[in-house]
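Have a look at the structure below, then the notes.
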Ligand SMILES: Nc1ncnc2c1ncn2[C@@H]1O[C@H](COP(=O)(O)OP(=O)(O)OP(=O)(O)O)[C@@H](O)[C@H]1O
Ligand SMILES: Nc1ncnc2c1ncn2[C@@H]1O[C@H](COP(=O)(O)OP(=O)(O)OP(=O)(O)O)[C@@H](O)[C@H]1O
Ligand SMILES: [Mg+2]
Ligand SMILES: [Mg+2]
């Protein structure tokens with residue numbers, strides 16, 4: 001803080017690669033996407049996508065920093081959407097009950113994931129793959145049982161609509177963008193400023209040593225799993241309120257999209273390294289790439305290829321930066 | 001081999017859990033699925049599914065034993081199908097050229113995966129996630145560019161049809177079942193009998209020590225990645241020949257299905273432990289569960305839930321067996 | 001008669017209405033000592049092989065009758081022929097058409113046709129004066145969704161306009177915001193787009209927001225294939241022009257009843273093929289439709 | 001004399017069916033170094049894990065200043081002033097030196113819900129602690145631990161324990177991977193801690209290191225205390241025998257010499 | 001006298017910009033134990049990795065029996081009869097003892113393309129080799145390595161190297177984690193290998209172990225050979241000083257004693 005500026009110190013931050021990547025992508029689409037891409041309405045287009053993805057990507061990224069993975073978010077998005085729609089749409093109960101139920105289910109699934117990961121030594125990829133399928137099955141089975149349909153409408157009015165599923169700032173930006181910015185600020189505080197964050201990094205670096213150092217690793221694992229699945233349920237719930245309807249299908253794309261954003265954001269898949277700001281940049285980068293293509297004249301059929309190449313490029317760049325970080329020595333003349 | 005029978009020795013084999021699971025599932029569906037489920041035509045129904053999945057699951061399982069993962073198989077299935085359909089269907093070139101091209105592309109993508117994993121220290125989950133998207137993009141882009149359509153028909157006759165895409169043994173069983181059995185036998189030989197297999201386990205156990213022990217780890221990694229993506233291309237190619245057509249979309253379900261089969265088969269996600277026979281059993285178990293439900297009176301909507309619970313159950317069972325294997329001591333009275 | 005019906009994915013709303021038709025027809029079949037088994041795809045990821053696998057499964061169950069959509073003729077035809085050769089009576093439903101039924105030896109065809117349905121949608125746009133229509137395909141590469149969009153484009157083109165397909169990458173499938181923002185981006189980029197149609201009812205929820213956000217409500221008409229409650233609410237409220245309905249309830253209800261009667265009593269319906277759609281739901285018939293929806297049949 | 005700072009009374013520990021520790025009674029006093037000796041697998045690490053809250057004893061009690069206490073978690077132990085350097089791990093390669101030093105006990109500034117991690121202070125304290133330890137090449141607390149050498153990392157872990165070890169300092173084979181110079185540093189630290197009045201428990205397989213700092217020796221053989229004696233009560237040869245699990249061995253060098261001769265070993269070739 | 005089995009001539013090694021080894025010239029002869037000494041980070045492990053084909057020298061040559069050779073891979077080295085136990089790892093927890101023992105050099109039976117791994121033979125040889133090493137509790141080659149204790153695993157790795165070390169045996173800190181008894185076993189093995197005419201390179205931080213088996217000593221300081229002498233040419237104190245990186249230190253015990261006194265350290269309390 002009080003030090004003078006140093007390029008070395010900047011380059012070895014986890015978000016350095018992500019920031020560069022974001023910059024490159026912005027320039028690219030500013031050139032090929034034309035002026036609409038950077039107008040407020042164009043910006044809103046990728047910010048909205050980034051917001052929905054980002055609310056899930058940050059807690060997922062924290063899990064990855066802590067050395068775990070959560071695939072089940074892919075089922076939690078439709079679960080959250082369906083819960084609020086069934087309770088407040090199908091049964092017509094107050095919207096707050098639907099919201100509370102959606103979030104509670106997020107907490108419950110998170111607890112189940114956390115419990116299974118802690119008790120059995122099974123890798124969390126496998127555990128959450130299991131809960132992914134199980135939750136998908138529950139959502140489908142219960143929805144059809146209750147509503148005889150796989151698509152449920154929901155009409156929301158008043159405060160809840162404004163808070164969770166409306167457009168703000170000139171009617172272009174989803175209110176989710178505000179949630180995303182607020183949550184990101186909170187996460188930055190907790191992960192990088194409060195002591196709590198240090199624990200997450202320590203856990204991802206070496207779980208046994210972290211426990212021996214007095215960190216409550218089991219409780220922390222629980223908290224992180226609850227955070228990620230509740231966030232996914234929250235996003236699903238907000239989407240249902242915004243789009244006035246929920247489908248049983250979908251949400252699976254969030255799994256890979258969030259992982260890509262996190263990795264592009266400079267988090268190490270094996271744990272112990274990363275930053276919230278990096279994930280934030282990674283999410284925006286991903287959103288720009290997937291949305292930016294609609295502003296260009298490229299053939300839409302190539303978008304998957306572009307996403308794949310972007311991912312590989314970003315990962316290689318992050319790798320380079322991480323090596324720089326490790327071999328960094330403060331003095332130029334120093335031995 | 002020459003030893004007397006020992007329950008302990010049996011229980012600590014990697015496939016013990018998988019065999020038990022298969023047995024349980026067979027009994028379950030024999031009871032609830034009725035007699036048709038076990039008649040030749042009923043058996044063919046799940047054997048066909050198992051065969052297509054198994055040809056991909058075994059090399060993927062070997063990769064997992066070696067400590068790597070290959071997500072890109074999900075794009076290689078449509079890639080293989082589309083390659084043979086475009087070359088021999090759209091352009092009308094000889095079917096052998098289409099087959100050769102499909103397999104060659106499998107080899108190329110495998111080499112790219114292997115190269116990237118070896119050269120950069122990026123986890124293979126991320127590398128192959130990148131190639132998954134890239135290959136998906138290439139398949140969609142090129143197919144539309146060449147054929148102006150996303151579905152290409154293919155008419156095959158003669159030896160190629162009989163060898164790769166026909167029904168055998170009373171017209172119920174796909175020829176793929178024979179390929180699967182043959183390949184499984186080959187894999188069993190190479191992995192459990194030839195010295196080559198030992199190398200795969202050593203690599204998954206500790207890559208640096210394996211290299212220091214004189215094992216060509218880089219070449220082996222390459223070979224395994226080539227094996228998995230070529231196998232996926234092979235399955236896609238055979239499906240195109242059998243069903244006389246290829247679609248751009250699809251194949252993604254193979255990713256999770258194959259991983260589930262491998263894990264149910266007792267392979268350790270972190271590497272170094274597993275067996276081909278276990279994966280073989282795991283694949284059959286998975287196929288029986290997904291197909292068996294059609295023979296029962298259960299509501300189909302719950303099938304995802306059943307698969308999820310099966311996966312979690314299998315993993316927990318395998319965990320128990322692995323602990324038994326590690327704490328196994330030969331003599332009862334021994335200290 | 002023991003009858004198997006093959007249908008689309010579990011989480012596909014359309015195929016749940018089909019299920020309602022089957023469920024309503026089942027008591028009649030059971031009353032005559034038969035059964036009905038509804039075999040559904042788990043997903044559309046490995047489409048043709050999975051469908052054929054289901055046909056083979058049905059054959060192995062030694063059913064008497066089979067109701068099957070002929071989505072991928074090249075792949076399905078051999079299996080359907082095998083079924084007929086095994087003495088199973090077949091009715092094509094939902095996809096295939098009369099010519100195909102005759103060619104294969106099926107006893108009838110009940111349904112509409114994806115392409116014809118698309119054509120009807122395109123013509124509806126044409127009649128409304130729409131000149132530039134975008135068909136949103138969130139599942140590019142699947143033959144049924146491709147056929148829908150192709151029909152729309154052809155329909156608009158014959159009516160003197162033009163149309164294009166927007167294929168979305170798998171990364172946006174199931175993410176309502178990603179779909180909405182993609183559509184909005186296209187609308188912003190090309191001011192002349194005055195019609196949008198989505199391949200599923202759920203995507204229309206996103207498209208409605210996108211049209212609104214692009215500031216083109218009233219200027220850009222929105223249509224959808226299939227329908228859900230939210231879509232019908234929009235039609236009633238005037239923010240969506242129409243939905244193309246194949247009346248799936250009729251397809252399965254009629255197909256199962258006709259087939260069972262044919263097997264059990266030897267009846268034959270002189271109507272060939274039995275077309276259940278496409279029906280267009282718009283402001284003119286929305287109230288009757290909503291009544292049917294409440295009962296799960298539309 | 002004063003009551004022991006920390007004492008185990010009749011402690012047993014088993015993992016499932018495996019009994020690892022049998023009826024251990026042991027005391028450690030302020031300003032005293034207790035050397036814990038014993039063969040591989042004798043149970044030394046398990047014993048100190050009980051004292052540092054990692055494992056719970058199956059039976060028996062732990063006393064601090066003469067009153068029975070429980071150590072349910074590592075955190076409880078460190079709050080009671082017991083700091084431990086475990087045999088493996090203990091540092092986090094991808095964390096900065098400052099953060100790694102303060103893991104679990106992060107210094108904060110600010111107040112109420114706005115307490116933030118005090119990076120500057122953490123770095124300064126960590127760098128000073130490590131430099132006091134003789135590792136003068138380290139002067140930036142933001143450097144990542146992964147960039148340090150093995151010896152430097154081990155020093156960091158020990159410096160951390162010394163810094164937080166208010167009353168009891170436990171070191172599990174701290175010198176095993178260290179070079180002669182670094183090992184000497186560690187021994188010097190142990191003496192410094194003793195001088196400050198800490199109780200130190202020191203595990204080593206090297207007789208020389210044990211003899212250099214130990215005041216009090218306890219030898220574990222197959223999970224039981226086989227000997228418990230003070231400095232000067234036994235000869236080096238006796239201690240070596242005890243460390244080898246009670247096997248009676250002649251002095252290492254002598255034994256090997258004998259072995260060589262009895263096998264007609266080749267004498268080393270003369271210098272060129 | 002005979003040419004050295006293995007010799008390095010003017011070997012340099014750098015990793016990118018970091019120079020780790022400078023102009024190393026070193027010889028090792030049949031029936032001789034070369035002790036490689038030096039501080040942490042002096043470059044000992046890097047040096048032996050060059051001799052075992054893991055790293056390639058940046059410049060300089062490797063000679064075997066007087067002729068220059070290349071060691072492009074670990075396999076090439078082991079085919080030339082150079083067997084190495086590296087500092088970390090070397091065993092595979094989830095593999096059986098037999099398979100782990102023969103990793104990379106699996107024994108086969110059968111012929112042509114039907115050569116199969118000979119499990120029975122592998123198990124028998126592995127169990128015998130480990131038992132010869134004094135670990136008599138092992139009698140089933142199918143047991144998984146993960147179930148062995150740390151000392152047993154280390155013994156397995158060394159037994160493996162001895163078994164395959166046809167001409168040169170390299171041990172990188174094999175005794176670091178071992179108890180007194182196990183360490184003595186290792187030293188005995190080193191002598192046995194020497195007796196059989198192997199050249200042994202032995203790395204240790206323990207002066208006692210080095211003195212016990214070494215015929216010839218080489219000391220690395222910051223990547224260069226600082227001293228190269230034979231048994232009896234230097235005193236233990238001189239060797240200790242050299243091992244500490246050339247820092248002149250008085251004898252360990254003496255130094256600490258002095259330190260204590262100068263700080264008025266508390267003497268140990270008398271026995272109860
Ligand atoms: N969590 C555990 N579960 C089962 N057995 C264990 C566990 N931890 C240790 N043991 C066993 O307890 C015994 C003592 O282990 P411990 O690590 O305490 O030995 P040690 O004296 O520290 O040996 P070393 O000198 O090799 O470090 C060993 O046989 C070990 O296998
Ligand atoms: N692959 C590598 N890349 C960069 N630097 C390396 C690499 N391997 C070793 N070094 C550096 O080379 C130096 C010598 O390391 P080496 O492992 O040979 O030391 P050593 O003498 O074996 O030390 P110790 O006694 O601690 O085992 C160290 O500074 C180390 O950081
Ligand atoms: Mg220990
Ligand atoms: Mg070393």
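Don't overthink the numbers, they just go from 1 along the chain as shown.
Backbone N, Cα and C atoms are what each Cβ position is placed from, and that goes for glycine too.
Annotation comment: TrEMBL describes B:20-38 (among others) as transmembrane segment.
Feature annotation from TrEMBL assigns transmembrane segment to B:44-66 (among others).
Among residues of the same chain six or more beyond the transmembrane segment (B:99-118), those with a C-beta under 8 A of the stretch's C-beta atoms are 68, 70, 72, 76, 79-81, 83-84, 87-88, 124, 127-128, 130-131, 135, 160, 164, 218, 221-234, 236-237. The transmembrane segment annotation in TrEMBL covers B:99-118 (among others).
Annotation comment: TrEMBL describes B:125-146 (among others) as transmembrane segment. With a cut-off of 8 Å between Cβ atoms, the residues of this chain six or more beyond the transmembrane segment (B:125-146) that come close are 69-72, 74-76, 78-79, 82, 86, 90, 109, 112-113, 116-117, 152, 248, 255.
Annotation source TrEMBL lists transmembrane segment at B:177-201 (among others).
Marked as transmembrane segment by TrEMBL: B:222-243 (among others). The list of residues near the transmembrane segment (B:222-243) in space but at least 6 beyond its ends in sequence, with Cβ under 8 angstroms from a Cβ of it, reads 52, 55-56, 58-60, 62-63, 66, 68, 70, 72-74, 76-85, 95, 98-99, 102-103, 105-107, 109-111, 113-115, 117-118, 154, 156, 160-161, 164-166, 174-176, 179, 183, 200, 251, 254.
Long-range neighbours of the transmembrane segment (B:249-269) within the same chain, counting only residues 6 or more positions beyond its ends whose Cβ lies under 8 Å from a Cβ of the stretch, are 14-18, 21, 53-54, 56-57, 60-61, 64-65, 69, 71, 73-78, 132, 150, 204, 232, 235-236, 275, 278-283, 285-286, 307, 310-311, 314-315, 318, 321-322. Sequence annotations record features per position, and here TrEMBL assigns transmembrane segment to B:249-269 (among others).
The transmembrane segment annotation in TrEMBL covers B:302-321 (among others).
The list of residues near the transmembrane segment (B:20-38) in space but at least 6 beyond its ends in sequence, with Cβ under 8 angstroms from a Cβ of it, reads 264, 281-282, 284-285, 288-289, 292, 295-298, 310, 313-314, 317. Residues of the same chain lying 6 or more positions beyond the ends of the transmembrane segment (B:177-201) and with a Cβ under 8 Å from any Cβ of it are 44, 47-48, 50-52, 54-55, 58-59, 62, 65-66, 168, 210, 215, 220, 224, 231, 238, 272-273, 275-277, 280.
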